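Visitor: Straight out of TrEMBL:
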- 1-22: region 'Disordered' (REGION)
- 37-58: transmembrane segment (TRANSMEM)
- 92-114: transmembrane segment (TRANSMEM)
- 148-168: transmembrane segment (TRANSMEM)
- 180-201: transmembrane segment (TRANSMEM)
- 302-320: transmembrane segment (TRANSMEM)
- 332-351: transmembrane segment (TRANSMEM)
- 415-440: transmembrane segment (TRANSMEM)
Amino acid sequence: MAAHHEKKNSEERNHKSTQNDTGMSQVQWGRAWEVDWFSLASILFLLMFAPLIVYYFIMSCDQYQCSLTDPLIDLLMGKEHLSDIWNRTPPLTYKAAGIYTLWVAFQVVLYAFLPDICHKFIPGYVGGVQEGAVTPAGVVNKYEINGLQAWLITHMLWFANTFYFHWFSPTIIFDNWIPLLWCANILGYAVSTFAMIKGYFFPTNAKDCKFTGNFFYDYMMGIEFNPRVGKWFDFKLFFNGRPGIVAWTLINLSYAAKQQELYGQVTNSMILVNVLQGIYVLDFFWNEAWYLKTIDICHDHFGWYLGWGDCVWLPYLYTLQGLYLVYHPVQLGTANALGILVLGLIGYYIFRETNHQKDLFRRTDGNCKIWGKKPEYIECSYMSVDGTKYYSKLMTSGFWGWARHFNYTGDLMGSLAYCLTCGFEHLLPYFYIVYMTILLTHRCLRDEHRCSSKYGKDWKCYTSAVPYRLLPGLL
């Protein structure tokens, strides 16, 4: 569900290692070393058009009641000029800049200066200092896992303000949505540019940097693997998990408050969006330690793709259903509402149970039971860039015996449920399921290309044992 910050399938690692013979080749993983023409064209397209796509979607709601076609028709028919649309767009304001600065600063304080205490009194929750996966250069970073704590503190203050203190209106996010967009863009570009400069001149770990020689690719996909300031402030973990995902549920609450203000009620469709997306966000923070073993942390370098994407793309396009329902309130029939709720919950169950099976398998090194049986697996080996040989076990039973990325299948079911809450009058709220289908399909291919390079013939054995990617018997 979260793009840049959504939970993703990763290979399970066994921390036993043996030194590799010097003559043995090293397998590379993570970001590319060389750039082909198709990758460069894709990068240039995203750098040029992704910010325009976000602006177009938000503008279409603000000026055209969420119609994606009316702005184009007006422009083609000569009824509007681009300057007309731009002149009607709310500008950056001091108020929005102050709100956004306080928001990011508050999340920095919660992330960097408040050690987690939730793991001490919440049974089953894993927080505090945790180790990440081994990097391509053989480094194992430590992280302070306190996202659930940050989310709880933030939302307790939000509800305290809404029902008691009344320092600001709960519609404050919606009321300043476009001015806040300019603030988010400024931060996204600033942190991406800083990360690139840092990668060139003062990287945290030079051995985990990659340079292609192509400025645009390096800026987009990142140079440093784990850029950090000080011992604990990790750019990837902070921007993947905060401030965008913490804000996700606040944004939806602000939309619900605006619906109440405008229409005197909150529709059941808005409640469904808040509940289903809230479950996903809480799941993310409950399993933040597990997130350290996913593609975002294990393989992606930190560049514009993650920096700008987490600041702008995630909070603005992942919340389109709630935004749409402010302009077009939908009261679903009981049967439809229950059907959507069931679809979303089943999708979540598949998503969570699939990841739980993998996590249990990894934590116990295969000494566990999946569906009442000892799990089956294929043992693989790979090399880090320092010549160390590592071993992984790839599970071929449970949900992972049904398809190689069955967690994505559950993810897509949940994504579809979000969109269905909005009815069928407009295309805009369905952007999410289209985007997630493209994103997760691409992630399947990218992950499998990397695994094929990393594991070689062992990967072929694995794909023979589990032949389907997403849907057993079909795909």
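Placed from the backbone N, Cα and C atoms, the Cβ positions cover glycine too.
Annotations in TrEMBL come from automatic prediction, not curation.
Given the structure is predicted, the values throughout are model-derived calculations rather than measurements.
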Visitor: Out of 37-58, 92-114, 180-201, 415-440, what stretch is closest in contact terms to the transmembrane segment (302-320), meaning most Cβ pairs under 8 angstroms?
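Guide: It is 180-201, which has the most Cβ pairs under 8 Å.
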Visitor: Near the transmembrane segment (92-114), which residues from the same chain, at least 6 beyond its ends, have a CB less than 8 A from one of its CBs?
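Guide: Cβ under 8 Å, 6 or more out: 144, 146, 149-150, 153-154, 172, 176, 179-180, 182-184, 187, 230, 232-233, 238, 242-243, 246-247.
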Visitor: Excluding the flanking five residues on each side, which residues at least 6 beyond the ends of the transmembrane segment (415-440) place their CB within less than 8 Å of a CB in that stretch?
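Guide: Distant contacts of the transmembrane segment (415-440): 1, 3, 57, 60-61, 66-69, 269-270, 272-273, 276-277, 317-318, 320-321, 324-325, 328, 330, 332, 340-341, 343-344, 347, 405, 408.
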Visitor: Do any residues of this chain, six or more beyond the ends of the transmembrane segment (37-58), have a C-beta under 8 angstroms from a C-beta of it, and if so which?
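Guide: Distant contacts of the transmembrane segment (37-58): 68, 71, 177-178, 181, 185, 214, 216-217, 219-221, 304-305, 308, 312-313, 316-317, 320, 323, 428, 431.
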